[in-house]
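**Q** Mind having a look at this structure? Questions to follow.
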Amino acid sequence: MRAIRPPESKQATTLLVAVRCRPLTSKEQTKSRDILRVVDDKVVVVLDPDSSKEYLDRVQNRSKEKKYVFDVAFGPECSNKDVYNVTVGSMIEGVLRGLNATVFAYGATGSGKTHTMAGLPEDPGLMVLSLQEIFGLITKQEQEHDFEVTCSYLEVYNEVIYDLLEKSSGHLELREDPDQGITVAGLKRIQVNSAEKILELLNLGNSRRKTESTNANATSSRQPNALIVCRSHAVLEIIVKRKQRNQYRSQVLRGKLALVDLAGSERASETNNAGQKLRDGANINRSLLALANCINALGKQQKKGLAYVPYRNSKLTRLLKDGLSGNSRTVMVATVSCADDQYHHTTNTLKYADRAKEIKTHIQTNVGTVDAHVADYQRMIDNLQVEVSQLRRELAEKETQLSSRTPEKADDELSWLDVLSHDINENVEMRVNLQKALFELEDMNLHNRMELQQLDELIAQHQDEEGDGEKLDDLIERRQVVLDNIRDNDEAGAHYRQDIEHNEKQRKELQRQIDEAISSNRNKTYLRILSQYRLLGMTNMELQFQMAIRDQIIQDQREALNNMWRLLESSGLNHDQILEIAAQQGIMIEDGMPM
Ligand code: ADP
Ligand code: MG
């Protein structure tokens, strides 16, 4: 029997925005000027990179000097430990109590992201320091609790997930599990017993990250040797499980700390690369852009309530969803170089961080779900099944027409098949995500419309009674906010619909390519495999929708249970009394959820 859980208590999520300025490297010292100043551990001043400007220009404000204020700012003299103490340090204790936390380093290539996250043996970074603290705290609590610490290290490159703990990892898939949240199927998870081992592991993992040489920015165009650019986002996930010792009915708390070393934030358009690399750039931007959009939406949510957070728009945001929303804490460390020739990148990074700052707190909204979705999903499954059976029939018909020639250009055919199968997978996955996002949006707007209706009634009531004017103003103001939300969500929904249309076109094009190949009588074996791929793709989509239905049902049940808890608690019984009554009835209830 599944145990009944009390609702998780809602806690404000906080985003802490820190900026870290790195010193000039010894090479840079001869040719670059330091243009950053950190004041009062909070303010970052960027001086005009053009030092030749006249005094008059400067006082008349024709200077490019800029000033930003953050939660905390670190100057070039600060060590990783200094950054750690003020940012992640205070969150570790919560992770041991089952809370989630996310830390990401954002900045241009060469600004110090990897230095901050992984670090060096003499100056270990946030990843290593976090683990050290985890093990330190565990030693203190070992009397009462059993702990298990596991790590995984992955990269998201070109919207594909690879395992950095595996030598030559294949593509990994994201799964949505209603109990564990987002997981990566097949990802290696290793048990760690000391922090010392981890730096070695991180270095090994980092050496496997997808990199490229580029002359993307000013530093390297002046240098004969081009800069190595990390094109991927690396995510270290540390999971701490805590189990109460010597308890008959023990509960396991599971806290998750995600530390993310993002890809360089410079824009793809700034590189001279073409073709495949531009595509890389576009995909990196997809994740970074999606992250920015989520951060913006979370900020909006704080002000307005039900604003849609587009987590589904990229792999990275889907991966980080737990850590960005709900009962979790997030730290963004924006890294900047103090060199004058990096002025452009530095101000771009600071602007991004400045926008992120707006999210101070937000409370997880418990958006109820609507039964209609199950019907929607079911309809899609039905359509898919029709399509699958049609495909099967066509395939059987074509089978007889095909000649069984031996392969001629085997390699060619295989790589073509490879590309096509990859495209089919991507097409299916995209479709599933778009459809789910659209359902979520519609769900949200249903709630908005319900609220709007209630507000309209209340407003009418107030106007009739000519009652409290201030209250009426509040209602009207709230009505405007809800209307704005509906409009924003409708707009986002229209985009998703367009994307779905585009996705559908792509799907037809893929099908056309297969048909064409079949009619031009290319090799039978390959075509059979290819058609199987397509069938698998469809079946995969069907399964995903079935899983979505299951998730929906679980979520609904959870909501019902939560309501029951609220009801019980509002009856005046306290937690212990409820547990006692339940025990008398032989009902098992999990207690002691994390605060
Ligand atoms: P990114 O990962 O952002 O591309 P890196 O972390 O690789 O950049 O840093 C680029 C270079 O600058 C490296 O040689 C690194 O050792 C050095 N560096 C970065 N941050 C600092 C710092 N705070 N103190 C000293 N050196 C730093
Ligand atoms: Mg790096």
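Placed from the backbone N, Cα and C atoms, the Cβ positions cover glycine too.
Keep in mind that what you see is a predicted model, and the values were worked out from it rather than measured.
Annotations per TrEMBL:
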{"type": "BINDING", "residues": "Gly107, Ala108, Thr109, Gly110, Ser111, Gly112, Lys113, Thr114", "note": "ATP binding site"}
{"type": "COILED", "residues": "374-401", "note": "coiled coil"}
{"type": "COILED", "residues": "493-520", "note": "coiled coil"}
{"type": "DOMAIN", "residues": "14-359", "note": "domain 'Kinesin motor'"}
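Show me how these features fit into the shown structure, please.
**A** Taking all protein chains in view, 19 other C-beta atoms sit within 10 angstroms of the C-beta of Thr114 (ATP binding site).
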**Q** Among the binding-site residues listed here, Gly107, Gly110, Gly112, whose Cβ has the fewest other Cβ atoms inside 10 Å?
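**A** Looking at the binding-site residues Gly107, Gly110, Gly112, the Cβ with the fewest others within 10 Å is that of Gly112.
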**Q** For the recorded ATP site formed by Gly107, Ala108, Thr109, Gly110, Ser111, Gly112, Lys113, Thr114, name the remaining residues of the chain with Cβ within 8 Å of the site's Cβ center, in chain order.
**A** Arg22, Ala105, His115, Gly264, Thr335, Ser337
**Q** Which binding-site residues from the set Gly107, Ala108, Thr109, Ser111, Lys113, Thr114 have a C-beta atom lying less than 6 Å away from ligand 2?
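**A** Result: Lys113, Thr114.
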